[in-house]
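Copied from TrEMBL, the annotated features are:
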DOMAIN    15-49  domain 'LRRNT'
DOMAIN    292-340  domain 'LRRCT'
REGION    341-361  region 'Disordered'
COMPBIAS  345-354  compositional bias 'Pro residues'
DOMAIN    362-396  domain 'LRRNT'
DOMAIN    643-689  domain 'LRRCT'
REGION    692-729  region 'Disordered'
COMPBIAS  699-709  compositional bias 'Low complexity'
Amino acid sequence: LLLLTAALGMTAAARCPVPCVCDNLRAHVLCLNGSLIAIPDTIPELTKKLDLRGNSFMVIPAGAFLATPYLTHLDLQHCKVERLEEGAFRGLGRLVYLNLASNGIALLYQESLDGLSSLQQLILEGNRIEEIQPGAFGHLGSLTVLDLRANALVYLPDMVFQGLQVLRWLRLSHNALHVLGSEAFAALPALRRLSLDHNELQALPGEALARLDGATRLDLGHNPITYVAEEALAMASLRHLFLDHASLQDVAPDAFARSPQLRVLDLRENQLQGLPPLAGAGGLARVSLDGNPLLCSCLLRPFHKWLARARVQAEGACAAPPALRGRSLDSLKPPEMRCGRLRLPPSPTTPPEQPRAAGSRQCPRGCVCSPDFLHASCENRDLQEIPRDFPGDTRLLDLRRNPFSTVSPDAFPGLKELVSLHLQSCSIRALHPGALRGLESLVYLYLTDNHLSTLVAAAFEGAPHLAYLDLDHNAFTSVPAGAFRLLPNLISLHLQHNAIGELAEGDLAGAGGLRWLYLAGNAIRHIAPAALAPTKMLEKLQLEGNLLSEVPTAALRGLPALSELKLSQNPIKHMGHSVFLPVASSLQHLYLDNMGLERISPHAFTGLGPKIRSLYLESNKMSNIPNMSNFTGLEILNLQDVPFHCDCQLLPLHRWINKLNLRVGATCGSPAEARGLKVKLSSTFLTCPGWGRSHAGETNPNKNKATSKPSKKKRSGKSPARGFSKSRA
């Protein structure tokens with residue numbers, strides 16, 4: 001047995017891909033922060049854990065892991081993945097953990113995750129998923145945790161999580177959800193925890209939540225919910241409800257009467273001046289009201305009396321009247337709560353529910369209409385005109401690959417409930433005024449791969465809730481100025497791979513709610529200083545693959561929320577002082593790779609620091625970089641294919657890299673005797689002044705070279721004696 005094990009180990013070692021590290025005893029393979037553009041085909045067959053973080057795969061093709069059928073753990077974080085082809089993970093029937101966080105995945109198709117029958121944890125945090133097609137998770141019958149945090153979701157259709165029979169925790173925080181289908185959570189019988197915090201829900205989605213009989217914890221904090229209506233929440237097993245940091249002004253007395261197991265109610269940091277006695281909440285043990293402007297007048301006495309009678313612990317303090325300001329609720333006595341002229345504002349009234357019309361089940365000839373998913377499809381039917389007479393309750397309409405040429409006014413009559421419209425690859429040259437009229441629920445509009453070169457605002461008349469507009473791969477030579485002024489809810493705008501030459505002032509007028517702007521693959525040479533001024537909520541700006549010759553610093557002013565900036569593949573040769581200072585307080589992810597960058601000013605990164613989580617500088621031409629010793633929050637740092645000059649001027653960088661618990665890929669390009677050696681390990685620095693003093697207490701630099709997980713210990717942040725970017729001259 002020992003001989004066989006050794007033989008297998010030798011075979012595996014022989015097949016270990018060149019940029020990877022193979023631990024044959026534990027069957028682990030690490031290929032971290034490299035320049036891999038395809039999944040290696042020489043990974044040992046018996047590998048159980050495969051870590052590919054920090055590479056550049058872009059697409060995971062069908063059958064990519066057929067050669068490693070014994071995998072149980074697969075990590076693909078920060079790999080620039082944009083698409084999962086159908087069948088990408090086929091053959092991985094033993095996989096229990098899959099991490100796809102921090103990539104660029106935008107859409108999950110029905111077969112994207114096929115073959116993962118044993119998967120228990122799926123991490124999709126930090127992608128740009130805008131839409132999930134029902135059935136996408138249908139093959140994941142063993143999944144217990146699904147993490148979809150920090151994506152671009154606005155809408156969840158009915159039955160979207162069908163097939164997840166044993167899912168226990170669904171994480172949907174930090175999206176932009178404001179529309180939930182009434183049956184969105186209908187297929188989750190084992191769910192115990194649902195995280196919906198940090199979204200755009202304006203009302204408690206009671207109908208959708210009522211399907212979760214077994215859920216015990218619900219996070220709804222940081223949503224703009226103003227009122228909790230009568231019997232709004234019917235969750236039989238709910239014990240912990242978080243509605244903190246919302247916009248609550250009032251709560252109905254029997255709001256939680258149909259959630260009899262509720263024990264903890266968190267209402268911190270709202271706008272509540274008081275609460276009524278909460279009828280039917282007999283199991284409640286604690287109510288948190290800290291941070292509310294509580295008015296401790298006689299109007300609060302019934303609630304105060306109910307707290308004592310029901311033995312409920314209340315956390316909170318009076319904001320008024322002045323005599324009681326700062327007093328905790330549990331210290332008050334009824335006679336102290338007097339009434340003068342103070343009155344609570346009237347409770348907001350809930351709008352009456354509109355009766356939902358049952359859509360008829362007609363379907364145009366040649367099309368398929370699904371009554372279960374409320375989808376209709378006429379994909380690739382060689383249709384010359386857009387069909388009519390779809391069922392009135394259709395939510396998703398797929399008309400891809402038909403030669404329509406134009407979209408006429410009132411092209412979609414009777415589809416008031418339509419949420420997602422797919423018009424990709426339809427040879428469309430014109431979207432006429434009024435084309436979308438009547439689509440009052442439309443959230444997603446896909447117009448990719450058409451021939452559009454201009455747009456007018458009137459084309460979007462009647463679709464005020466449109467949040468995602470995809471115009472990639474069209475014929476725009478400029479951003480259609482003013483076209484978005486009728487779209488107050490526009491969150492994501494795709495204009496990638498057009499022929500746009502500049503971004504001018506006024507182009508984005510009216511796009512005040514825009515959060516994600518994708519302009520990659522154009523021919524942009526100039527961005528006017530005020531071009532981005534209307535988009536004060538912008539979080540992601542992707543400008544890779546354009547013709548910018550300098551960082552558009554002036555245009556970045558007034559973007560206090562910008563967290564991701566991509567400037568890859570622009571011909572920027574020199575980076576001057578303080579070029580990122582306008583966004584230094586918010587920036588977390590910075591892409592400066594493949595630019596031919598020759599020189600970076602010692603003060604280029606002024607203002608940046610602990611908030612930076614990932615920095616991509618690979619494939620450039622500079623021989624040194626600025627001092628980054630205060631970048632203590634780094635999780636990804638890529639310095640591959642940079643020709644560093646390994647002399648004593650680079651000693652500060654060498655010291656800093658040795659302190660990082662990251663694989664950065666930095667190698668020497670010169671002098672000749674050091675070419676190809678790792679900066680981290682090069683012996684060139686042994687003769688530098690101060691070498692012995694600086695390394696007296698250092699441990700072996702090889703100790704952690706096979707891991708890319710950042711150290712949890714707090715780094716000192718002390719700057720070395722010299723900046724990393726001091727020139728050789």
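Don't overthink the numbers, they just go from 1 along the chain as shown.
Each Cβ is built from the backbone N, Cα and C atoms, and glycine gets one as well.
Nobody curates TrEMBL annotations by hand; they come from automatic prediction.
Long-range contacts of the domain 'LRRNT' (362-396) within its own chain (CB-CB distance under 8 A, at least 6 residues past either end) are made by residues 133-135, 157-159, 181, 356, 402-405, 407-408, 411-422.
Counting residues 6+ beyond its ends, the domain 'LRRNT' (15-49) has Cβ neighbours under 8 Å at 8-9, 55-58, 60, 64-65, 67-74, 618-619, 636-638, 640-641, 662-665, 705-708 in the same chain. Per-residue pLDDT, averaged over the domain 'LRRNT' (15-49), rounds to 88. Sorting the domain 'LRRNT' (362-396) by DSSP state (H, G, I as helix; E, B as strand; all else coil) yields 0 helix, 7 strand, 28 coil.
Counting residues of the domain 'LRRCT' (292-340) by DSSP class, helix then strand then coil, yields 22 helix, 10 strand, 17 coil.
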